[in-house]
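Trainee: The following block contains the structure, expressed as structure tokens.
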Amino acid sequence: MVSPDLIRNVVGIVGNVISFGLFLSPVPIFWRIIKNKNVQNFKADPILVVTINGISLVIEAVYLTIFFLFSDKKNKKKMGVVLATEALFMAAVAVGVLLGAHTHQRRSLIVGILCVIFGTIMYSSPLTIMVVKTKSVEYMPLLLSVVSFLNGLCWTLYALIRFDIFITIPNGLGVLFAIMQLILYAIYYRTTPKKQDKNLELPTVAPIAKDTSIVAPVSNDDDVNGSTASHATINITIEP
């Protein structure tokens, strides 16, 4: 009979793989930003939230750099404020936990509660409200929602095998949020305008026949106001 510990280890390994996929799922978004050299209506909120996750720091730093380079001044200012707030908050938490909580159990409880809060925000951040307002899923990528669902489901199962409330709550809520996003995607997918190539149509010009004469008006400097402009005939000869 397979032991619960073995099952938990296998699920944990799968969860790590899916989590890595979750952090890589925004790659198509940032390829699009680089290609268009504009962040369009994408938001930095999901990226700013998940930078708190240690294993994704390098990947998220790359995303933030790309977003910063192609953002306007308003978005750059917002990112700076949020990142500075995160850094100050994490420093305050570290100092507070080390100095105020003197037992491992108490420290784990405080940090665990914070992980529940920020983990829940991470799952709920991909622009659900914007989809409802615009009735378009253009800026809520399907890949991110699918991987979020798989990631939350896997880690929920992992936490239930040997119950861990700090893993169960954010990931269980993550599954619900991902299902909501997938339902919204199914509802608004058909109403999302499809991108079409805008080919510029240049006006066609009729060919000029050989030995064509063109009559054009010519202004006369000696004429006074109200006088009639004279005309000149221009002969055009096209050599073969």
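Note that Cβ sites are derived from N, Cα and C of the backbone, with glycine treated the same way.
Straight out of Swiss-Prot:
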TOPO_DOM  1-9  topological domain 'Extracellular'
TRANSMEM  10-30  transmembrane segment
DOMAIN    10-48  domain 'MtN3/slv 1'
TOPO_DOM  31-46  topological domain 'Cytoplasmic'
TRANSMEM  47-67  transmembrane segment
TOPO_DOM  68-78  topological domain 'Extracellular'
TRANSMEM  79-99  transmembrane segment
TOPO_DOM  100-108  topological domain 'Cytoplasmic'
TRANSMEM  109-129  transmembrane segment
DOMAIN    110-191  domain 'MtN3/slv 2'
TOPO_DOM  130-140  topological domain 'Extracellular'
TRANSMEM  141-161  transmembrane segment
TRANSMEM  165-185  transmembrane segment
TOPO_DOM  186-240  topological domain 'Extracellular'
CARBOHYD  ASN225  N-linked glycosylation site
CARBOHYD  ASN235  N-linked glycosylation site
Trainee: List, by number or range, the same-chain residues at least 6 past the topological domain 'Extracellular' (68-78) whose CB is under 8 A from its CB atoms?
Mentor: 33-34, 36-39, 44
Trainee: Can you count helix, strand and coil residues in the topological domain 'Cytoplasmic' (100-108) using DSSP?
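Mentor: Reading the DSSP string over the topological domain 'Cytoplasmic' (100-108) gives 6 helix, 0 strand, 3 coil.
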